[in-house]
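Residues annotated as domain 'NADH:quinone oxidoreductase/Mrp antiporter transmembrane' in TrEMBL: 23-288. For 60-81, 93-115, 152-170, 191-217, 237-254, 275-294, 324-347, the entry in TrEMBL reads transmembrane segment. What TrEMBL records for 290-343 is domain 'NADH dehydrogenase subunit 2 C-terminal'.
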Amino acid sequence: MNPYVLTILLSSLGLGTVLTFASSHWLLAWMGLEINTLAILPLMARQYHPRAVEATTKYFLTQATAAAMILFASTTNAWLVGEWGIQQLSHPLAVTTAMLALALKVGLAPVHFWLPEVLQGLDLTTGLILSTWQKLAPFALMLQMAPAVDSSLLVTLGLLSTLVGGWGGLNQTQLRKILAYSSIAHLGWMVLIVQFAPSITLISLVMYIIMTSSAFLTMKVNNSLTINALATSWTKAPALAALAILVLLSLGGLPPLSGFMPKWLILQELTKQGLPLSATLAAMTALLSLYFYLRLCYAMTLTIYPNTLTATAPWRLDFVHATMPLSVVTVLALGLLPLTPAMTALLNL
């Protein structure tokens, strides 16, 4: 892709998100979301492959539907209540419609079906942008309107997402689909707590972005798209393979890694709010996710690549990728747990 075009698209991507961050009016927020969607479409379709075009079309249709629902919800609220402000969303019909539209935007269950299919059709860099940056703007709106939403709707969406995210990833062999279901499960954890403790949602979102970035960049360096291809990781970069296993366990939420922190804080807060059953269900669904992360770890460490195939031997060559971003996010994905007391004190939890 032409570097000038790429610069314009990435700038528009940033502009759309910042516009949504800065808005207190629904029309301005909607405009930011639309700029965001339109900027990523050419990046998704740049592969000139039928699967990429199909993924782009699916993404466009779902995002357009969600944007239309947001516009409908805000217009309904303005008509019935006379308020256009994001935090003034008060009519139950408008609140529920807007919440479901944002759930469709980010890919929460039960409106998650587009996410694995779309992510499967993209290259790893665009998939990384879709899994991380594209979640920011809808979550900014979700955080602002969460106090007005019925808590039972949020808890239902959250528990359903953690369950579907764990269950859906069990039978997958494609790494991008596994990471899509991982994304659904993590977003479910965030939505569970968004009304009771927005600051914990923010910590969870930051941790999710760090860990997912590390996973995607590791796959990019290893050039692995399937579980079988992961078996070549030891040959290519032994140190990276060892760290990648720890990153996957961090995604699963095992102590003493960074991924344990958000899960710990969320379960603690749910128990404080008198929802021990929801906390127990969420913790049990985390075991489903942990199973497929362990499956990936097993493929990386205890299996040998089937070299009987007519494939070139993956010798340990010099890296052609920039590894600084990967190094930074991997260190953060593994070592932030000791900072939990400092974060909780900083955010007055």
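Backbone N, Cα and C define each Cβ position, glycine as well.
TrEMBL: automatically predicted annotations, no manual curation.
Long-range contacts of the transmembrane segment (93-115) within its own chain (CB-CB distance under 8 A, at least 6 residues past either end) are made by residues 33, 58-59, 62-63, 65-67, 69-70, 72-74, 76-77, 80-81, 134-135, 138-139, 141-142, 145, 148-150, 153-154, 157, 160-161, 163-165, 180, 183-184, 187-188, 191. Looking at which of 191-217, 237-254, 275-294, 324-347 has the most CB pairs under 8 Å to the transmembrane segment (152-170), the answer is the stretch 275-294. Mean predicted confidence for the domain 'NADH dehydrogenase subunit 2 C-terminal' (290-343): the pLDDT average there is 77.
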